[in-house]
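In what follows, a single structure is set out as structure tokens and then discussed.
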Amino acid sequence: QLHSDVDKGDGSIKYILSGEGASSIFIIDENTGDIHATKRLDREEQAYYTLRAQALDRLTNKPVEPESEFVIKIQDINDNEPKFLDGPYTAGVPEMSPVGTSVVQVTATDADDPTYGNSARVVYSILQGQPYFSVEPKTGVIKTALPNMDREAKDQYLLVIQAKDMVGQNGGLSGTTSVTVTLTDVNDNPPRFPRRSYQYNVPESLPVASVVARIKAADADVGPNAEMEYKIVDGDGLGVFKISVDKETQEGIITIQKELDFEAKTSYTLRIEAANMHVDPRFLSLGPFSDMTTVKIIVEDVDEPPVFTSRLYSMVVSEAAKVGTIIGTVAAHDPDASNSPVRYSIDRNTDLERYFNIDANSGVITTAKSLDRETNAVHNITVLAMESQNPAQVGRGYVAITILDINDNAPEFAMEYETTVCENAQPGQVIQKISAIDKDDPPNGHQFYFSLTAEAANNHNFTLRDNKDNTATVLTRRNGFRRQEQSVFYLPIFIVDSGSPSLSSTNTLTIRVCDCDADGIAQTCNAEAYILPAGLSTGALIAILACVLTLLVLVLLIVTMRRRKKEPLIFDEERDIRENIVRYDDEGGGEEDTEAFDMAALRNLNIIRDTKTRRDVTPEIQFLSRPTFKSIPDNVIFREFIWERLKEADVDPCAPPYDSLQTYAFEGNGSVAESLSSLDSISSNSDQNYDYLSDWGPRFKRLADMYGTGPDCVYS
């Protein structure tokens with residue numbers, strides 16, 4: 001309550017309030033000066049308010065006293081419970097930890113005034129998690145309360161911690177949080193095999209590095225504490241098997257190191273030890289952290305393919321060896337107890353040209369063809385060995401046959417030489433250096449000897465000098481070479497190798513005469529340059545040739561036009577409009593039916609006429625004789641027709657990609673029944689008489705003359 005000394009109680013003074021919360025939180029009675037709070041106050045939101053008050057004359061509204069300032073302090077009460085701002089909590093502690101091992105510290109805060117009373121004084125207690133854990137009342141540190149807590153028995157605990165203010169007294173406020181405690185693993189469990197012995201059966205054909213078995217020692221620990229190593233400590237399979245660990249599953253993997261052989265040994269016994277890799281010394285009293293077991297491996301017999309005495313056979317043979325020469329022998333045997341006989345053969349995929357043969361019983365390899373080292377110096381073939389009783393069992397042996405060289409190739413020029421000699425060359429001038437090659441491969445290298453042939457030894461143009469280093473030099477013997485006299489020289493060179501016996505060859509060196517500059521570099525080598533007129537340029541030559549070609553084209557056009565206008569002199573029966581006799585092998589509308597059938601298409605394809613009648617020559621007696629014909633084989637045209645259609649179908653991408661029946665409308669070379677006309681009887685031995693044709697009138701006079709037997713008829 002505010003009161004001014006000037007206030008007489010007559011209502012002439014009024015009070016006003018300003019500052020923090022004035023009119024909103026705090027109001028003043030302007031008549032009495034009483035200050036009231038309009039709402040509930042919270043110290044945790046604002047603990048102090050600063051206000052200003054003044055007394056004014058109600059009539060003049062002027063201050064009667066100076067403005068005064070005062071502070072309102074909010075008095076705290078216990079209205080806030082403790083809170084765990086970081087909860088809920090998770091923590092871990094190693095298993096088997098001693099009592100009192102610290103796990104985690106929890107902290108609760110109280111928003112009340114810690115300087116006033118016990119409203120903010122908190123104590124901690126455990127509501128859930130006993131008797132395994134405890135909590136310090138003042139600090140909130142959680143500790144283990146029992147010894148030897150085993151993770152393998154229970155690995156997780158849920159605790160409920162309470163924080164209560166007012167020092168835990170009645171009437172105090174409280175808050176709770178949860179704490180999840182996980183027991184972390186320690187290596188307190190040694191590995192143990194579930195069984196004292198194991199037995200596995202494996203076939204003897206199992207390849208090297210194959211897995212025989214997987215065994216695992218049980219360990220209740222996890223992570224690095226469960227990591228193990230396995231080793232074979234004893235047994236008769238130390239060198240045959242090995243064991244390794246699978247890092248993911250911690251299993252021991254037994255694999256084969258050497259090939260198994262049932263005939264040599266039928267079983268193996270292994271003593272295997274499993275041990276932890278990380279041992280905790282605190283728990284050595286729990287026993288040795290390792291264990292032993294016995295593994296017995298039984299080898300099963302299988303039918304094995306034949307085995308060669310060597311993985312690779314190396315043989316040599318001369319390329320001069322004759323067919324049937326023995327190169328060498330391979331041998332294989334059946335490793336099984338039955339010891340079945342073996343038969344040999346060559347895998348022809350490795351000897352496509354069939355250069356070699358092998359005796360099926362003895363394994364002797366011989367040559368089947370002439371060999372050429374220069375074509376193939378080494379032949380790698382595969383020999384197959386099959387059991388006689390079970391051909392499905394096939395063994396493979398590999399043979400490398402090296403072909404020994406003989407001197408069977410003559411030396412020749414190392415390259416195609418383009419040799420030139422200048423017109424102004426001087427005697428003794430080097431114009432070419434030559435070398436030779438030989439496809440043979442002598443053990444001491446090549447040695448070639450060069451010389452001119454006997455015919456060329458005494459020529460006056462060039463000579464040859466052997467450099468004794470497998471090269472030779474060609475030199476000029478004279479000067480004054482002229483292209484217009486001779487533009488090309490051919491120099492035969494005789495080359496001999498050092499083989500035994502030696503071989504030789506004659507190679508021709510072509511030397512062209514050229515015009516050279518001052519440095520001896522060839523400019524032109526064409527002899528025709530001297531023949532062309534000096535005043536005729538290239539452009540003029542082209543113009544002349546163009547004119548000649550134009551004239552030739554004009555002449556050809558004129559000749560062609562004249563030949564088209566000129567009526568042909570050859571009588572063509574297809575264009576003849578006079579009466580003629582047409583032979584056809586078809587039963588149709590008769591000779592007068594020329595619209596329904598094309599007579600030319602019905603002509604017998606076997607007939608090839610020798611002569612055609614001239615229009616400008618009067619027919620003579622040859623009309624009395626029947627025209628002669630040449631006959632070709634009946635099936636030639638038909639066979640060619642079918643083959644052409646077959647080729648077209650083979651290359652046609654649209655043709656069906658499978659066997660199909662192709663039908664072609666082709667009549668062939670004629671009817672099997674031959675002609676039904678009686679006109680063909682003149683070529684046979686028929687006794688029919690055609691004299692009656694003379695009685696039929698003038699329209700049949702020509703037929704009577706051709707086929708009649710009168711005295712005026714002449715037969716050819």
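The backbone N, Cα and C atoms fix where each Cβ goes, glycine too.
Over in TrEMBL, the protein carries these features:
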| type | residues | note |
| --- | --- | --- |
| DOMAIN | 4-84 | domain 'Cadherin' |
| DOMAIN | 85-193 | domain 'Cadherin' |
| DOMAIN | 194-308 | domain 'Cadherin' |
| DOMAIN | 309-413 | domain 'Cadherin' |
| DOMAIN | 413-530 | domain 'Cadherin' |
| TRANSMEM | 530-559 | transmembrane segment |
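Secondary structure of the domain 'Cadherin' (85-193), assigned with DSSP and counted as helix (H, G, I), strand (E, B) and coil, comes to 3 helix, 45 strand, 61 coil. Mapped onto DSSP helix, strand and coil, the domain 'Cadherin' (413-530) counts 4 helix, 53 strand, 61 coil. Here the domain 'Cadherin' (194-308) is broken down by DSSP into helix, strand and coil counts: 10 helix, 54 strand, 51 coil.
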